[in-house]
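Read through the structure below, which is laid out as structure tokens, and then see the notes.
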Amino acid sequence: MRRSTDPRNLLVRRGPLLVDGESAISELDPGFFPTGDAPKMSSTTRRRFNLIAFTPGPVTVISSLVYLALLIPLLLVHTIVPSAPKSNPKGVDLSEAWNDLQHLTSGFHPYNSHRNDEIHQWLLQRVGHILDASRKAHEDDAMGSVAPDVFVFDDQQSNLTFSGGGVGNKPITGVYFEGKNIIVYIRGLEDDKENWWDSPGGKPKGKGGVLVNAHYDSVSTGFGATDDGVGVVSVLQLIKFFTSPGNLPRKGLVLLLNNGEEDYLNGARAYSQHPLSKYTHTFLNLEGAGAGGRAALFRTTDIEVTRFYKSSPHPFGSVLAADGFKMGLIRSETDYAVFKGVLGLRGLDVAFIEPRARYHTDQDDVRHTSIDSVWHMLSAAIATTKGLVSYTGSEFDGRAPGKGMVNSGVGTHGVWFDLFGSSFAVFRLHTLFAISVTLLVVCPIVLFVIGIILSKMDKMYLFSIHETIPETKEKVSVRGLRGLFRYPIILVVSSGILIGLSYLLAKVNPFIVHSSSYAVWSMMLSSWIFMTWFLSCIADFFRPSALHRAYTFTWQLLVMWVLLVISTVYVNQHDIAAGYFIVFYFAGTFLATLISYLELFALPNKTRYAREQSQYPSRLGSNRSSRILSPSADELPTGGDNNGEIYDGEEEPTESSSLLGRQRRTTFANYTRTGRDLASSESGTYEDHSETGVFGEEQKWSASLPTWTWVLQFLFVGPVVIMFIGQLGLFLTSAMNQVGADGVGLLVVYIAIAVFSVLLLIPLSPFIHRFTYHVPTFLLLVFIATLIYNLAAFPFSAENRLKIFFVQELNLDTGRNQVSLTGVDPYVQDIIRAIPSASKENISCDSELDSGRRKCSWPGLAPEVVQDEPTDRWLSFNISKPSSQETKDTPVLHARLHVSGKNTRACRVNFERPIRDYSLPGSALDDRMPHTLPQGISEIRLWSRTWENVWTVDVQWDAEDMDELHGRVVCLWSDANQLGSIPALDELRLFAPPWVAISKLKDGLVEVSRGF
């Protein structure tokens, strides 16, 4: 029997069959092909070696390289601190700064410690030595420079009574504090030459100055290297820099070393009572909430001051952190809150942010920081301060932002972020809003117009099922609807798995992120990539579609449009700029989607294609799907003649023929492959680079689609997303991965990592079905390994310790001596069992406090914080007999308390029921910080600059509430420098497991109380 050569009876198959079939057709009708030209043999070779074609090899390699090329630098920037210069920059001595840091952190120095007094005197001496060296440098200067006027204030007078806390209707906490701040004022070249602060009621003239602040007190359980030792030595170096020849400031510079920040920002509040607080209009606050690493720009008041940080050699930070404070997601505070909220200054908060496990512990020391970290903060401080003191405009000399505040003007909300730690972007929030609104309106219109044009040109293959031939009314399938709902299903399934993994980790091993955040990231990323690839390949196997990219980008654009709407609303109504990355994400997605729509112009019009298909039907739909399932309605050409002889590229079968054809083998689900199919499969792909340019079993009209535009699409979306999402994801992980010890639920951390993993990898979705199996298979192995590790590994180590919180409480009324540890259950009980003195005691644990934290107590070793005194004499107080006073509303009772403690300068008075008012003779009051509120005062904290001070406290309460005053007087001891003063703490440090870090629970390490 002769082989049929009638093209109407040819079923075009894969491999050589397709070539033979199409060659026969092209000989009869070259116009059959959408391009109008029959393919040439050489085109296959060129396409096969096209390095940017939309084929598995280039897609896998290019996508992987782009991700690696951007993620690796992001990781390096995030984990490696830029090296300090080998030689000292002009006006700075890094060796001197490092030596100062070593001396400062040689012991614990909280406000309520004798070491704190020693540090105070040492700082005064250091300032004096720096100024002496500066004067000598000016005398030796060949240019004949004149040393600036510098004034050093050892503020031993400022005190203040104020209140804090009291959310809603809850009673507030009253505070009396006596400051011990050190203030250095360097007179600017353009400053008023009069010492206006010496005159009662004197006021500064001219432009406002610049304040740089750091606090020199530490917590009682931390050496304070980064909190805030690096800030302190940076201030000392700023004094050195701005008093050196050639560096004199044009505007006055105030450098504040405040004492008492760790105890509710008391030092900054005391500064508000000093005359110089009226002079400064801008500020730079140097802080630390970690141990080493890079100093991040944590938050700023406005764009005008933020621009001066831009000149930092290694800027680092994002507006996301600032918005975290605005939305109440970050609960800790710094002196920034006082300078901005009370004084009305405009400025910046620069702080170390990781690792939080070392924050307020004995690992906040010089061994866990570096000279590089010192230089990172110092260089940023020099650049920012230099810009502020050199600025002579009137930007910061406007109307006061509030009552009692300085005339610093009102700033503009801004957006800011760094790029790879080397450049810094800053622009107005209104600009972000304008761009967002423009994109929201213009982008849909552009796509709508293009869609109309494509429809007019009869090239809108998207959303098309079939095309009707006008002459015969015959309907021909174009299969343009294929893949429409593929992407949302895949996205939901793949992302849902990550959410499930988040819940799994939070349930089985919630603290693994504490020490192994990168393992969690690896698990999330590898899981999403493999599952998305697997589902995409299944969909492409059964229903291949050349419109997969177009539909995927369209769905992504729709989702990003909704997110951009939400972000724009927050920008407009709440001044929240944290969604700035969505603007760039949306813009890149729009450009990629636009390219997919523009590609359709290269296709033949649908009517012509339908005529050609009707005249020369080439196949019954997809070979893959049709061999497994019956052809669907959109795959069969209506009315076509499909009963002719089918040519499959093999000889007519005879009695001696093989049961299977030479080129055909049965595979999955009896799907018959040709020899070339099998070869492709064995090489890791199932592609078919036929002469027509159609990939695999995709729609025949797709031969006219360009094969290189995917690179543009990926470059529009991929790098932008990686840079922004990668940076923010790492930043958030560093800030959040170790908050579980503080009582914060870790599920939100895992979900945040899952969400950022999805956002980071979404750019791969339109292309991932073209990946070869090598990368996904490797990532499957990574996923399995990291999943097992994350579920089974112990979450703490000597480098990433679990923080527990210590306090010892002694009740003089009952003689009860109780040591308490607060931490995460069950670890806190495991730790207590390792303590010898607790091994035979009855351990009592309170009910769960927050997110698994419990307070467990036992009778502990007696404290020795006061030498040669019996315990019952460690604190003393007396209360005068209440006296009444009639008011318009209700009778008020008065009483006077005298409170004192041995070897301490911190006590407090707790009341069983809130009192109405209180006062201390000689204390300053400030309307900007009211000392009482209508809901009353439940506690008064007392701080003195002198040891064993006697506080006199007058209190008032409503007679109808109580006839007599009831409560407790508590005195605090926070000095743990001397071994043996707090034996229970010494024992805990000696016997606790190496994966445990000890921090303070309350203001005092030891608290002794007596009732009244």
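Cβ from N, Cα, C; glycine included.
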*Do Phe54 and Arg549 share a side of the membrane, as Swiss-Prot has it?*
yes
*Look through Asn670, Asn878 and state which residue has the annotation N-linked glycosylation site in Swiss-Prot.*
Asn878
*Which of His215, His281 shares the Zn(2+) 1 site with Asp227, Glu287 per Swiss-Prot?*
His215
*Going by Swiss-Prot, point out which residue in Asn605, Asn842 is annotated as N-linked glycosylation site.*
Asn842
*May I have the list of same-chain residues other than His215, Asp227, Glu287 whose Cβ is within 8 Å of the Cβ centroid of the recorded Zn(2+) 1 site, in sequence order?*
Ala214, Gly224, Thr226, Asp228, Gly231, Glu261, Glu262, Leu286, Gly288, Ala289, Thr334, Asp335, Ala351
*By a simple count, how many Cβ atoms lie within 10 Å of the Cβ of Asn878 (N-linked glycosylation site), its own Cβ left out?*
11
*Looking at the stretches 61-81, 519-539, 576-596, 744-764, which one shares the most CB pairs under 8 Å with the transmembrane segment (778-798)?*
519-539
*Cβ-based neighbourhood (8 Å from the centroid) of the Zn(2+) 2 site, residues Asp227, Glu262, His360 excluded*: Ser218, Val219, Gly222, Gly224, Asp228, Gly288, Tyr359, Asp364
*Looking at Cβ-Cβ distances, which residues of the chain lie under 8 angstroms from His215 (Zn(2+) 1 binding site) while being 6 or more apart from it?*
Asp228, Gly231, Val232, Leu257, Asn258, Asn259, Gly260, Glu261, Glu262, Gly267, Ala268, Asp335
*Please spell out the DSSP helix, strand and coil residue counts for the topological domain 'Vacuolar' (732-743).*
8 helix, 0 strand, 4 coil
*When you measure from the Cβ of Asn159 (N-linked glycosylation site), how many other Cβ atoms are you left with inside 10 Å?*
19
_Distance check, please: Cα of His360 (Zn(2+) 2 binding site) against Cα of Glu287 (Zn(2+) 1 binding site), rounded to an integer number of angstrom._
13
_Closest of Asn159, Tyr359, Asn842, Asn878 to Asp227 (Zn(2+) 1 binding site), Cα positions, recorded positions only_ = Tyr359
*Which of 61-81, 519-539, 551-571, 576-596, 744-764 has the most Cβ pairs closer than 8 Å to the transmembrane segment (711-731)?*
576-596
*Pairwise CA distance, Asn842 (N-linked glycosylation site) versus Tyr359 (site 'Transition state stabilizer'), rounded so that it is a whole Å*: 31
